[in-house]
Amino acid sequence: MIYEGKAITVKALESGIVELKFDLKGESVNKFNRLTLNELRQAVDAIRADASVKGVIVSSGKDVFIVGADITEFVDNFKLPEAELVAGNLEANRIFNAFEDLEVPTVAAINGIALGGGLEMCLAADYRVMSTSARIGLPEVKLGIYPGFGGTVRLPRLIGSDNAIEWIAAGKENRAEDALKVGAVDAVVAPELLLAGALDLIKRAISGELDYKAKRQPKLEKLKLNAIEQMMAFETAKGFVAGQAGPNYPAPVEAIKSIQKAANFGRDKALEVEAAGFAKLAKTSVAESLIGLFLNDQELKRKAKAHDEIAHDVKQAAVLGAGIMGGGIAYQSAVKGTPILMKDIREEAIQLGLNEASKLLGNRVEKGRLTPAKMAEALNAIRPTLSYGDFANVDIVVEAVVENPKVKQAVLAEVEGQVKDDAILASNTSTISINLLAKALKRPENFVGMHFFNPVHMMPLVEVIRGEKSSDVAVATTVAYAKKMGKNPIVVNDCPGFLVNRVLFPYFGGFAKLVSAGVDFVRIDKVMEKFGWPMGPAYLMDVVGIDTGHHGRDVMAEGFPDRMKDERRSAVDALYESNRLGQKNGKGFYAYETDKRGKPKKVFDATVLDVLKPIVFEQREVTDEDIINWMMVPLCLETVRCLEDGIVETAAEADMGLVYGIGFPPFRGGALRYIDSIGVAEFVALADQYADLGPLYHPTAKLREMAKNGQRFFN
């Protein structure tokens, strides 16, 4: 053994060839934390000191290669002064450079996922051989930063600036065949041939058949582009990427600027450019929010995994109520491998559900994400039925009938008598109390809520609602099924609106107040879209459905009359009474035309102004900042109340629910992280400025206490 640490070992393989293996003890994956970086330095020193070494193969003892840096260390590291961040990155790069500068050839054997620092380690090697099942990429832009271990320097010098910009700015994982095509790897082999492939390359390099020094040289030099080529490549890319990323996500464009600035430098000077740009991005609020989001997501996955121990295996599912929603649920279950019965009392509803599932599967085939054979397999896994004949072996039933408590209670009581005693019943409801629905059941311990968001195939969140009598097994089984469907489940306790809708309706309440104060709804939409929402509140209401919003508003007002009940008519009342129901009937706040692709396109319709005129009670002058605060303060305060009331267990789950469920701007991190970014004391003072707007704007006593004590939601 040439070197042995807790993360890295170096041992002889054969005839002067050694294996530098990453295998971080006590972890399921390899990652570049402080320990691993320090051991890499020591391992490289040990190799350099051993005259018998003729070549190095870099490998992994895990199923993955290296997943990247240890993101948990970013939180503290990024609080350091910018100059210290630059120094830290340059120190790390000295280690990578020392490996790259070894006087012997090096080959990276990529067995699994190699992301971020993992790929940057591979780029420092002379050759890369990749398993057909592996994936590589530089996803740092998704964290609001860009590669900091040489990725912006080595990758463009290996695969060309255009390809490198595409890889770095998109941040996606790349398949082996795509990596080979652009020259990011030198060979692709079957998983069982990976070591043999690496040995073949290293032996050919040792023998002189391959000139490893010539292969290494371009990574040490400036980019081979003249001034005109640079201008065309970089200026065009910056314009395109800026349009794609938008103004709230600076990292992709900053990565291009770094590559451009370093284009005329050799490796060492280019790495200084990279380190300076990386440190600048690391200090932004966008990076802080996106890293927080990543850590929240990891926390969600850990919590969901904890349910696996007691969850029952779902081998056969069923959905009650076909149509668009039922068809979407059936599609999601079938395409992820769980056969599902789709029951309705009407043949036309069954056909609608099958058409929806077939359309979604066909779209995946068209995009190359599914083979025709897999599409047929998924369609065969959806069994339509008008009766309960095959329900005896169903493990979970998702009830997705009309949003009416009496109808739901009747359907749930009926199906309970048709399934086995331990089958789970789950109601896909957005507003109706799970405890209320449970009263109709003989086995309420087997009953939970399972709230899907529309459209089911696109929205990642599922709220699993625990009722007073829901058993841990029922909750765990539903969480496991949601995960199996490819969703991100969050367990919440029962209350009107649960988490997401309870928080969303105060946001709509702020919007209603603005419209009643004479503020143009088109202006409100533009301001909130600029703030970062995927669509403004008026457009969102149209997409959700004015009738749905009207019903939900009434449910929330009944549940929380002290702050959500408003005796005055609102914009939603006016539209609902005028049968302007949104996209579903072609007119709401906006009117809707069909574009060339058959999708609804919103257009301004002046007739809506006459509809809204009776509910405008004043003409108040407000700034764009006021608009944001009228909307965001009640949303944030309701999120605080959900956490305080125990509706959601952690701040991480609350924030992720809003990001996944209603498109809360990811670069702002979620409602509670947004409060943190302002400062809790500052947010309380801000809310107090709008106290005259009503109880939705009044901070809780506990939040005031947090402000007084200088506390945060995330430390």
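Backbone N, Cα and C define each Cβ position, glycine as well.
These come from Swiss-Prot:
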type: ACT_SITE; residues: His451; note: active site, for 3-hydroxyacyl-CoA dehydrogenase activity
type: BINDING; residues: Asp297, Asn501, Tyr660; note: substrate binding site
type: BINDING; residues: Met325, Asp344, Val401, Val402, Glu403, Lys408, Ser430, Asn454; note: NAD(+) binding site
type: REGION; residues: 1-190; note: region 'Enoyl-CoA hydratase/isomerase'
type: REGION; residues: 312-715; note: region '3-hydroxyacyl-CoA dehydrogenase'
type: SITE; residues: Glu120; note: site 'Important for catalytic activity'
type: SITE; residues: Glu140; note: site 'Important for catalytic activity'
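Counting neighbouring Cβ atoms within 10 Å of each of the recorded positions (Glu120, Glu140, Asp344, Glu403), the lowest count belongs to Glu403. Counting every protein chain shown, the Cβ of Ser430 (NAD(+) binding site) has 21 other Cβ atoms within 10 Å. If you take the CA of the residue listed as 'active site, for 3-hydroxyacyl-CoA dehydrogenase activity' and look 10 A around it, the recorded positions you hit from Glu140, Asp297, Val401, Val402, Ser430 are Ser430. For the recorded positions Glu120, Glu140, Asp344, Val402, Lys408, Asn454, a Cα-Cα cutoff of 10 angstroms around Asn501 (substrate binding site) retains nothing. Among the recorded positions listed (Glu120, Glu140, Asp297, Tyr660), Tyr660 has its Cα nearest to the Cα of Met325 (NAD(+) binding site). Considering only the recorded positions Glu120, Glu140, Asp297, Tyr660, Val402 (NAD(+) binding site) has Tyr660 as its nearest partner by CA-CA distance.
Nearest Cα neighbour of Asp297 (substrate binding site) among the listed recorded positions (Glu140, Lys408, Ser430): Glu140. Rounded to the nearest whole angstrom, the C-alpha distance between Glu120 (site 'Important for catalytic activity') and Tyr660 (substrate binding site) is 30. Across the binding-site residues listed here (Met325, Val402), the residue whose Cβ sits among the most other Cβ atoms within 10 Å is Met325.
Here Val401 (NAD(+) binding site) is positioned 24 angstrom away from Tyr660 (substrate binding site), judged by their C-alpha atoms. Applying an 8 A CB threshold to same-chain residues 6+ apart, the list for Val401 (NAD(+) binding site) reads Leu320, Gly321, Val407, Lys408, Val411. Following the DSSP three-state reduction, the secondary structure of the residue listed as 'active site, for 3-hydroxyacyl-CoA dehydrogenase activity' is strand.
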